[in-house]
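Annotation source Swiss-Prot lists active site, proton donor at His90. The 5-amino-6-(D-ribitylamino)uracil binding site annotation in Swiss-Prot covers Phe24, Ala58, Phe59, Glu60, Ala82, Val83, Ile84, Phe115, and the record cites sequence analysis as its basis. If you look up Swiss-Prot, you'll see Ser87, Thr88, Arg129 marked as (2S)-2-hydroxy-3-oxobutyl phosphate binding site, on the strength of sequence analysis.
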Amino acid sequence: MSIKTNEGNLIASGLKFGIVVGRFNEFISSKLLSGAIDGLVRHGADESDITVSWVPGAFEIPIAAQKMANSGKYAAVICVGAVIRGSTPHFDYVAGEVSKGVARISLDTGVPVIFGVLTTDTIEQAIERAGTKAGNKGYDAAVTAIEMANLLNQL
């Protein structure tokens, strides 16, 4: 008896991807977007198969991601943005709701909706995760999207 194993590959050619970007903290989210596009293209995606939708902030990401996921056009939807802690509880509400919303959309639609939204305590932490010391989390989200899209095609 042999065990069947499913594992997604990292080949993006022939797949279409949606990316939702929160404009708030654009100096970070634009770097995450660049990283996501770079990740997709490096793995074989054609730029014409990538659609980017900008929303005002992280809180608005789930509704745009849901619309894209429900459209049937995309193998996966990547969500990027930055929520940076301030001196009020606003951070906790926004970070919690966007993460729950993204997870729910993925489960409800069966489309991989990838959480690439930074939730950091400081601007410095966000900068580190948007292409400096800690890599680019937008790139990482793109690689995850490719793998999950290919995995779900096998299941």
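We number each residue from 1, going along the chain as drawn.
Yeah, the Cβs are placed from backbone N, Cα and C, and that goes for glycine too.
Locations of recorded Swiss-Prot features on the structure.
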{"residue": "Phe24", "record": "5-amino-6-(D-ribitylamino)uracil binding site", "DSSP (3 states)": "coil"}
{"residue": "Ala58", "record": "5-amino-6-(D-ribitylamino)uracil binding site", "DSSP (3 states)": "helix"}
{"residue": "Ala82", "record": "5-amino-6-(D-ribitylamino)uracil binding site", "DSSP (3 states)": "strand"}
{"residue": "Thr88", "record": "(2S)-2-hydroxy-3-oxobutyl phosphate binding site", "DSSP (3 states)": "coil"}
{"residue": "Phe115", "record": "5-amino-6-(D-ribitylamino)uracil binding site", "DSSP (3 states)": "strand"}
{"residue": "Arg129", "record": "(2S)-2-hydroxy-3-oxobutyl phosphate binding site", "DSSP (3 states)": "helix"}
Spatial neighbours, same chain, of Ile84 (5-amino-6-(D-ribitylamino)uracil binding site) - Cβ under 8 Å, 6+ residues apart:
Asn25, Ile28, Phe91, Leu118, Thr120, Asp121, Thr122, Ile123, Ala126
From binding-site residues Ser87, Thr88, Arg129, the one whose Cα lies nearest Phe59 (5-amino-6-(D-ribitylamino)uracil binding site):
Thr88
Can you tell me which of the recorded positions Ser87, Thr88, His90, Arg129 is spatially closest to Ala58 (5-amino-6-(D-ribitylamino)uracil binding site)? Compare CA atoms only.
His90
Fewest other CB within 10 angstroms, which one of the recorded positions His90, Arg129?
His90
Candidate nearest Phe24 (5-amino-6-(D-ribitylamino)uracil binding site) in space, where candidates are the recorded positions Ser87, Thr88, His90, Arg129 and distance is Cα-Cα:
His90
Looking at the recorded positions listed here (Ser87, Thr88, His90, Arg129), whose Cα lies nearest to that of Glu60 (5-amino-6-(D-ribitylamino)uracil binding site)?
His90
Out of Ala58, Ala82, give me whichever of these binding-site residues has the highest number of other Cβ atoms within 10 Å.
Ala58
Counting only residues 6+ apart in the same chain, whose Cβ is under 8 Å from the Cβ of Ser87 ((2S)-2-hydroxy-3-oxobutyl phosphate binding site)?
none
Rounded to an integer, what is the Cα-Cα distance in Å between His90 (active site, proton donor) and Arg129 ((2S)-2-hydroxy-3-oxobutyl phosphate binding site)?
21
